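S.K.: Dropping a structure here in structure tokens format, bear with me for questions.
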Protein chains: 2
Amino acid sequence: MIRRIPQARERGIPDATVARLPLYLRALNGLAERGTATVSSEDLALAAGVNSAKLRKDLSHLGSYGTRGVGYDVQYLIYQISRELGLTQDWAVAIVGVGNLGRALANYGGFVSRGFRVAGLLDADPAVVGDHIAGLTVEHSDGLEAVIRKRGVSIVVIATPATAAQQVCDRVIAAGVTSILNFAPVVLTVPDGVDVRKVDLSIELQILAFHEQRKVSGGPMMAEDWAGEAG
Amino acid sequence: MIRRIPQARERGIPDATVARLPLYLRALNGLAERGTATVSSEDLALAAGVNSAKLRKDLSHLGSYGTRGVGYDVQYLIYQISRELGLTQDWAVAIVGVGNLGRALANYGGFVSRGFRVAGLLDADPAVVGDHIAGLTVEHSDGLEAVIRKRGVSIVVIATPATAAQQVCDRVIAAGVTSILNFAPVVLTVPDGVDVRKVDLSIELQILAFHEQRKVSGGPMMAEDWAGEAG
DNA sequence: GTGCCTTTGTGAAGCCATGCACAAAGTCGA
DNA sequence: TCGACTTTGTGCATGGCTTCACAAAGGCAC
């Protein structure tokens, strides 16, 4: 019901590969800034923090953009990955929910530099409406549908409280949006064809806590102390 | 070099399962708030947005906590998952970098409610030091090591600009921290035994853009237009 | 031109995760 | 106490992802 993305494999690019392309892109941009003209899969893999064989296989899904014996042309590869990810076009993004997180996102430079343009900031709280953030004026979320339609918004970021998220989600889908990035800690229910990705800050922290617990407590003597407690 | 977490499988809990446990926990808390006493794997899976067979297999890695013919006791399962994730203890977290994102994280309720306590806010910018956020006073990052040691910080959140992240990372590791949550858009290099998880807001957006592009542009006539361009 | 050297692109193998389908196990009503 | 019903826990098969290892391919020196 969520995360049904069979489109990714239509031309044979695995989801796992797509998820890493932004990583490569970032590493390549870093190399380009330092004036590097070409890079080997080994070096690029190191910069991106992945295995070099995996990198080569990932890139091979896009085409044969490398030169044997030399490596990859940095600028050319940047262009190819950008185009594959659809970053050569301009995406209008609306952010719904202008709390702390929404503000952080509106000011986040990583969006603008990657072809994303914040085209609207919306909130249901009258106390927030009218605020000026990152060059935009916060509008009331009553006008959500109008903003989406008039400004060609195709991606919506939900940064509302959990209770409001599903309602906002339903409205933006009704307005024609099919790509949603959800920061609210709820499972959104969406129809087929709508793509939802979620970021939950506390989940990552909980995963860290799991591993941290394993480290400090050694390992044994932990699986047994539940016995006889309630079961 | 990054993400080497073999500990997860030491007692046989797959990483994929660990990553979903917080999801189940959240769904269970929702059920508990509504007064539900027991829940079947089918219903819980629905609430968590996963397949019910997967849910059962995941839970089976923790033990046999269900009752056949009935389901799972909500409160008991909450306790077991919490304990498995290490959330029954109190984790002191320090947030380094108090920009927009750092502020958002400091105010994020999802941390406190899950056994995480923000024990320190640090920033290198004198203009920010002294600010009061979420009941804490921002301290200068010169005192990073002291804060970590004195307050028993075991998890550090890096929300600094990309350029400062690796330096902060090195310092907290030197101070004994082995769990890091990184929001800066860089690949952190860490020694073995240190666990880094990263959240990159723009990566998720780029993945969305990829799928969105596929939807609108149809599909054909996109793989060929690079030919003869530079290769 | 020729041969060596570097690096890509990919076949193949192994591993992990997913999901089906069902036996085992426990509840509940009579 | 018994039988029918519900739901868990899991063996198994399938598919995708990762990694190794190497042949193919191209540059570069001479």
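Count begins at 1; order follows the chain as displayed.
Yeah, the Cβs are placed from backbone N, Cα and C, and that goes for glycine too.
Any TrEMBL annotation is an automated prediction that lacks curation.
These numbers come from a predicted model, not from an experiment.
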S.K.: Which is it, of A:23-62, A:63-102, that TrEMBL names as DNA-binding region?
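M.R.: Based on what TrEMBL states, DNA-binding region spans A:23-62.
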S.K.: DSSP secondary structure for A:Gly99 (NAD(+) binding site), reduced to helix/strand/coil, please.
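M.R.: For A:Gly99 (NAD(+) binding site) - judged by DSSP and reduced to three states - the answer is coil.
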S.K.: When you measure from the Cβ of A:Gly97 (NAD(+) binding site), how many other Cβ atoms are you left with inside 10 Å?
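M.R.: 26, counting other Cβ atoms within 10 Å of A:Gly97 (NAD(+) binding site).
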S.K.: Just name the binding-site residues among A:Gly97, A:Val98, A:Asn100 whose Cβ comes within less than 8 Å of a chain B Cβ; none is a fine answer.
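M.R.: Filtering A:Gly97, A:Val98, A:Asn100 for a Cβ under 8 Å from chain B leaves A:Asn100.
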S.K.: When the DNA-binding region (A:23-62) is classified with DSSP, how many of its residues are helical, how many are strand and how many are coil?
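M.R.: Counting residues by DSSP class gives 28 helix, 2 strand, 10 coil.
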S.K.: Per-residue pLDDT averaged over the DNA-binding region (A:23-62) comes to what?
M.R.: 97
